[in-house]
């Protein structure tokens, strides 16, 4: 299972690659996409820190045939969220940032969630390894003790090759959809925004868990088309 870990403010890059289960985008690709959107929407620093916004996400996924739909925040109980809907490729959360760097930049954090190998997985780049939602409520989590709430501290390294999520789907019920819903409800209550990734020729469930033993992030996948702006940076 492919999983990139956090580097600088590049959580959107890691989110895209973890969602796609391959190193589809490098920092240069997302910089080019952001520049095509006008450039001003991305925080500019002396260091190439990243911190791209929601428009970069939409523009990057559009050429792949993947549509991004915002979940209605008024549906906080997720009554309208159908995790079995045909064409649902995965989920992306945009969460409030934590720490001095987020306070300085005003950045938020991006993370990917996807159903792979018959179970839902938290692919947050801050985690040391992917965490399976099936059994997460029982402390298993399938990720070597990492929490499914995205609170892992994995730092440095930029990205790492996936080698499985640390234990399969765990001992929870089914594919972890129930645990995922509880996680999403808590995230929305805490100020997170939920995006549904729909369609595309990239595949759905991923069958065997997606790309095996992927390498670190690399440049690839050209800049996407322009789009409207949104203030949802990440880090």
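Each residue, glycine too, has its Cβ placed from N, Cα and C.
Curation plays no part in TrEMBL annotations; they are all automatic predictions.
Note on the domain 'Josephin' (1-172): its mean pLDDT in the predicted model is 75. Per TrEMBL, the feature domain 'Josephin' maps to 1-172.
The active site annotation in TrEMBL covers 11 (among others).
The active site annotation in TrEMBL covers 109 (among others). Classification of residue 109 (active site) by DSSP places it within a strand.
The active site feature in TrEMBL is assigned to 124 (among others). Mapped onto three states, the DSSP output places residue 124 (active site) in coil.
The compositional bias 'Gly residues' annotation in TrEMBL covers 140-177 (among others).
As annotated by TrEMBL, region 'Disordered' applies to 140-179 (among others).
For 199-235 (among others), the entry in TrEMBL reads region 'Disordered'.
Summarising the annotation, TrEMBL assigns compositional bias 'Gly residues' to 200-225 (among others).
Residues or ranges marked as compositional bias 'Low complexity' by TrEMBL: 226-235.
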(message) Let me check the 10 A CB neighbour count of residue 124 (active site). How many other CB atoms are there?
(response) 30
(request) Around the Cβ of residue 109 (active site), how many other Cβ atoms lie within 10 Å? Please give the count over every shown protein chain. (result) 25
(request) Would you mind checking how many other C-beta atoms are within 10 angstroms of the C-beta on residue 11 (active site)? (result) 30
